Amino acid sequence: MRIYKVGGAVRDRLLGKPVTDIDWVVVGATTEEMLAKGFRPVGADFPVFLHPKSGEEYALARTERKSGRGYGGFTFHASPEVTLEEDLIRRDLTINAMAEDDQQNLTDPYHGQRDLEARLLRHVSPAFAEDPLRVLRVARFAARYTALGFTVAPETLELMRQLSESGELEALTPERSWKEISRALMEDQPQVFIEVLRACGALKVLMPEVDALFGVPQPPAHHPEIDTGAHTLSVLQQAALHKQPLTVRWACLLHDLGKGLTPEEEWPRHIAHEFKGLKLIKAVNERFKAPRDCQELAMLVGEYHTHGHRALELKPSTLLELLQSFDVYRRPQRFEEFIAACEMDARGREGLEQRSYPQADYLRGAATAARSIAVQPLLEKGFKGPELGEAIKRERLKALKAYKDNA
Ligand code: ATP
Ligand code: MG
């Protein structure tokens, strides 16, 4: 049995990047031999094992063939006869299809090293088209390595375009798609992920609601960049620049979906886009089964982001409603994430990236004022049930009035 390092670990070492997790491939072994060496099997479908000590993944060299639609439509064949070259050819990109033995001897039959030097993301073989997830993976790698100068090879982009038109993308499971989407959003340049998906027509299939924002104008006075799609990409870029968590980045991507529904005769204004967008945000959320915290924040940011921008002009009663909608008393962190998303939205405008956003501190102060109301004194006064609720609300409103007057 021969064991090689493969995939990301080889690629990133050659790029001089830190290697976090190592994938291994095992040639010339059977499942029984692996088990006898103490490897633990994982996954029902794949011949993949965990190392008894390091816990790293060891996969038996395998070939695969597409036998039907979607990921279920794959048959795998692993046996001691499968060669390293046969295993590598089924991989997505040439730069991911290199292997290295324990002497750091490189096996590179598909010229991954050449493409690393040329800064090209290129598919290994026509078999690329057999798994539509690779469209998302390439877009994710483009986002990750754009800073190093990588681009998608024209012939690979063409293949991605054909895949997007074929209807195969629709067969992806929400779980597989979300894994790629969420990882891509956490890259330093997540907007490149969306740009590449758009360039190959995949965005129109995966998130038509986001795709529809390109070509939709906004008022130049508020949005010098004018285009709503361009704005959305800038907001996402700002979110990454400011190291925001996934929840905020997801909310940033979806916050303006309602603008895609505005009738052309109303352009460049977008009356009530916050409300109109909610059903679209919900649809995208559910399509990818996004985690609950991502879903919630996207809906709240969609509905209230313009409230955030107008924070200093809001009446105390509107401010109170806003805080109640966020349940800021029990969920202070979620309100912080809302504020962050609003700030990224404001910064994601051409030429206004550095402008200060006093709304952020103002909203924080308002939350603190409303949260400072103690319940105990009201209980002592004899309030209970719904009356207690009303009394708390009155006190909070009073606190917010004082806050606004002193601000
Ligand atoms: P990362 O740094 O994101 O982990 P990686 O290249 O190691 O990058 P993994 O998802 O860990 O990516 O996969 C390991 C390797 O397995 C890849 O380098 C690639 O060769 C192969 N691979 C993974 N998923 C696919 C896929 N859907 N189609 C083809 N090859 C794949
Ligand atoms: Mg990996």
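Just so you know, glycine gets a Cβ as well, placed from its N, Cα and C.
Note that this is a predicted model, so its numbers are computed, not measured.
Quick look at what TrEMBL lists:
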- G8, R11, R91, R137, R140: ATP binding site (BINDING)
- G8, R11, R91, R137, R140: CTP binding site (BINDING)
- D21, D23: Mg(2+) binding site (BINDING)
- 228-329: domain 'HD' (DOMAIN)
Q: Measure from each Cβ of the binding-site residues R11, D21, R91 to the atoms of ligand 2 and list the residues where some distance is under 6 Å.
A: D21
Q | Listed binding-site residues with Cβ under 6 Å from ligand 1, out of G8, D23, R91, R140 | A | G8, D23, R91
**Q.** Mapped DSSP class for G8 (ATP binding site), helix or strand or coil
**A.** helix
Q) Any idea what the Cα distance is from R11 (ATP binding site) over to D23 (Mg(2+) binding site), rounded to a whole Å? A) 11
Q.
For the C-alpha pair, I'd like the distance in angstrom between D23 (Mg(2+) binding site) and G8 (ATP binding site), rounded off.
A. 7
Q. If you run the three-state DSSP split on D23 (Mg(2+) binding site), which class comes out?
A. strand
Q | Between D21 (Mg(2+) binding site) and R140 (ATP binding site): CA-CA distance (Å) | A | 17
Q. Using an 8 Å cut-off from the Cβ centroid of G8, R11, R91, R137, R140, can you name the remaining same-chain residues around the ATP site, in sequence order?
A. G7, D92, L93, I95, N96, F141
Q.
Averaged over the domain 'HD' (228-329), what pLDDT does the predicted model reach?
A. 97
Q) Given R91 (ATP binding site) and D21 (Mg(2+) binding site), what distance in Å do their CA atoms have, once rounded to a whole number? A) 17
Q) Could you give the Cα-Cα distance between G8 (ATP binding site) and D21 (Mg(2+) binding site), in whole Å? A) 8
**Q.** Least buried by Cβ count (within 10 Å) of the binding-site residues R137, R140
**A.** R137
Q) Using a 10 Å radius around each Cβ and counting other Cβ atoms from all shown chains, which of the binding-site residues D21, D23 yields the largest count? A) D23
**Q.** Max CA-CA distance, Å, over listed ATP-binding residues G8, R11, R91, R137, R140
**A.** 15
Q. Cα of R137 (ATP binding site) to Cα of D21 (Mg(2+) binding site): how many Å, rounded?
A. 17
